[in-house]
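Student: So Swiss-Prot has the following annotated:
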type    : residues                                       : note
BINDING : Thr329, Gln372, Ile373, Glu374, Tyr412, Phe438 : L-phenylalanine binding site
BINDING : Glu414                                         : Mg(2+) binding site
MOD_RES : Ala2                                           : N-acetylalanine
MOD_RES : Ser193                                         : phosphoserine
MOD_RES : Ser301                                         : phosphoserine
MOD_RES : Lys311                                         : N6-acetyllysine
Amino acid sequence: MADNPVLEQLLRRLEVADGGLDSAELATQLGVEHQAVVGAVKSLQALGEVIEAELRSTKCWELTTEGEEIAREGSHEARVFRSIPLEGLVQSELMQLPSGKVGFSKAMSNKWIRVDKSAADGPRVFRVVDSIEDEVQRRLQQVQAGQAEKLAEKERNELRKRKLLTEVILKTYWVSKGKGFSTSVSKQEAELSPEMISSGSWRDRPFKPYNFSARGVLPDSGHLHPLLKVRSQFRQIFLEMGFTEMPTDNFIESSFWNFDALFQPQQHPARDQHDTFFLRDPAEALQLPMDYVQRVKRTHSQGGYGSQGYKYTWKLEEARKNLLRTHTTAASARALYRLAQKKPFTPAKYFSIDRVFRNETLDATHLAEFHQIEGVIADHGLTLGHLMGVLREFFTKLGITQLRFKPAYNPYTEPSMEVFSYHQGLKKWVEVGNSGVFRPEMLLPMGLPENVSVIAWGLSLERPTMIKYGINNIRELVGHKVNLQMVYDSPVCRLDIEPRSSKTQEAA
C-alpha cells in the first residue's frame with residue numbers, strides 16, 4: 001500500500017513501539033488530520049489480524065468560534081475598558097461599539113468602570129482602575145495550549161456559560177500489533193472484475209472477505225408526507241366502519257351547492273369575499289338542477305316543510321357564482337341529492353377526504369388551503385345521541401380520547417356541536433371538528449323522506465396530524481417552510497385504538 005504514506009508510517013512506528021500507539025498522538029507527530037490516521041487504522045483492520053484497535057473515548061475541551069476570537073483579541077470587557085480614554089466616554093457611544101453591550105455589563109461587574117449620570121452631555125463612563133488583567137483571555141489561551149484540565153471547574157463552567165468553551169468527546173484508537181502483523185501488506189481486492197476472470201489474475205490476488213452483517217446502501221425512494229400517512233389511516237377507519245367514499249373532484253363549486261343547497265342564506269357573512277375565494281373566469285355555473293333549484297329558492301324565500309324560511313328575495317345569479325369550495329359539505333349535498341333520487345330510500349354512510357379553501361388569516365393553526373374530512377350517515381330516526389355515539393367511536397379509533405363537545409350554530413345543522421381535543425404541544429384545547437344533524441329545510445327539498453335524518457361531522461386533516469406528530473405550527477407541516485428531513489423521518493402513522501373511557505368525554 002505504497003499509495004498511503006500515513007498507513008506506512010503507522011506500521012513503521014508500531015513496529016518499534018512499546019505496547020502500542022494512540023491515534024491522536026500519532027496524528028500530532030505526523031502533522032496530519034486525526035481522521036487520516038483513523039482511515040489508515042480502518043484499512044488495516046479490513047486486512048484481518050494485522051493490527052488490533054481499541055476504540056477509546058476521552059472528554060476534552062474546545063473553544064467555540066467566539067472563544068477563539070477572544071483568545072486572539074481579548075475579552076469583550078477588556079476591549080471596552082481599553083476603548084475608554086482618561087476623560088471618559090459617553091455611554092451611548094460606548095454601547096455602539098462591537099463589544100459594547102456585553103463588555104459594559106461584564107466590566108461593571110468587575111468594577112473596572114463606573115458611570116457618571118450627572119455629566120453634562122449625558123451618562124459618561126470612566127475607568128476605575130489604571131490597568132487590568134484579562135483573565136478570560138488567559139484561560140482561553142490555556143485551553144488552546146491543551147491545559148484545560150488545569151482550570152478550576154468553576155472557571156470552566158463560567159466559560160461554558162458564556163458559550164466560549166464547549167466539552168467534546170474525542171474518539172481515538174489504541175493500536176497494537178495483531179497476530180498477523182507485518183510492515184509489508186498488500187491491498188485486498190473488494191470486487192471480482194471480468195478482466196480478472198479472463199486473465200486468470202484472480203488466482204494470485206488476495207480478496208477481502210465478505211461481511212454479511214454489513215448494512216447495504218439504502219436505495220433512494222419517495223417518502224409519504226405525514227398528511228398522506230394520516231389520510232390513509234382515516235380512510236381505512238371509515239371503510240372499517242362501513243362508509244362509502246364520495247366523489248370530491250369539484251374543487252371549483254357553484255355557490256348553489258356550496259351554500260344555497262345547505263340552507264345558508266345569500267346574505268350570510270361566510271359568503272363574503274373576506275371568507276371565500278370567488279372565481280373571475282369562469283364566473284358562473286351554467287348547469288344546475290332547476291327543479292331542485294326552485295324548491296331551494298322557495299324554502300329560502302317563503303319557507304315550507306314546517307319552516308318559515310329566511311323571508312328574503314333569493315337570486316339565481318348569486319347562486320350561480322363560482323368559487324373555490326369552502327367545505328366538502330358541498331360534496332355531501334350532491335351525494336344526498338343523488339341518494340334522494342333513488343326509490344325506495346336506502347340508508348347510506350358516506351365519507352370524503354379532500355382539499356377546501358378559506359380566505360382567512362394565516363397563523364399557527366390556520367391555513368388558506370387545507371384538507372377536510374367529512375362523514376355523513378342517512379337513516380330513519382337518527383338523533384343527536386346517535387351522532388355522539390358515532391363521534392365517540394370514530395375519535396376512539398383515532399386514538400384521540402381527550403374530547404370536549406361544545407354547542408354551536410351552523411345554518412344547515414340543528415342541533416350542532418363543535419369537537420375539541422387537547423393538544424399536548426400547544427398546551428390548550430383546539431377545535432378538531434364540527435358536527436350536527438342536517439336541517440329538514442336542507443333535506444326535504446332534495447326529495448328525502450320526512451322520517452329520514454342525516455347526521456354529519458367534519459374535521460381538518462392537518463390538526464390531528466399535528467397532534468399525532470407533535471407539530472406545534474401548521475406552517476411546519478404544509479408550505480415552503482417544511483423541513484424535508486421531517487418528511488423522510490416521520491414514522492408510519494398508527495392511530496392506536498384505545499378503550500373507551502367516559503372520563504375523557506366532557507361536555508364543554
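Yeah, the Cβs are placed from backbone N, Cα and C, and that goes for glycine too.
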Student: Which chain-mates of Ser301 (phosphoserine) that are at least 6 residues away have a CB under 8 A from its CB, listed by sequence?
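Tutor: In sequence order, the residues whose Cβ lies under 8 Å from that of Ser301 (phosphoserine) (at least 6 apart) are Gly309, Tyr310, Lys311, Tyr312, Thr313, Trp314.
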Student: Would you say which of the binding-site residues Tyr412, Phe438 has the most Cβ atoms within 10 Å of its own Cβ?
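Tutor: Selected residue: Phe438.
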Student: Please work out the number of neighbouring Cβ atoms within 10 Å of the Cβ of Glu414 (Mg(2+) binding site), leaving out its own Cβ.
Tutor: 16
Student: Look up Ser301 (phosphoserine) in the DSSP assignment and reduce it to helix, strand or coil.
Tutor: helix
Student: Around the Cβ of Gln372 (L-phenylalanine binding site), how many other Cβ atoms lie within 10 Å? Please give the count over every shown protein chain.
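Tutor: Around Gln372 (L-phenylalanine binding site), other Cβ atoms within 10 Å: 24.
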Student: Using the alpha carbons only, what distance in Å do you get between Thr329 (L-phenylalanine binding site) and Ser193 (phosphoserine) once rounded?
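Tutor: Thr329 (L-phenylalanine binding site) to Ser193 (phosphoserine), Cα-Cα distance: 64 Å.
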Student: Across the listed L-phenylalanine-binding residues, Thr329, Gln372, Ile373, Glu374, Tyr412, Phe438, what is the farthest Cα to Cα distance, given in whole Å?
Tutor: 18
Student: So which one is it: of the recorded positions Ser193, Thr329, which has the fewest other Cβ atoms within 10 Å?
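Tutor: Lowest Cβ count within 10 Å among the recorded positions (Ser193, Thr329) is Ser193.
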Student: Three states by DSSP: which one describes Ile373 (L-phenylalanine binding site)?
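Tutor: Once the DSSP labels are grouped into three classes, Ile373 (L-phenylalanine binding site) ends up as strand.
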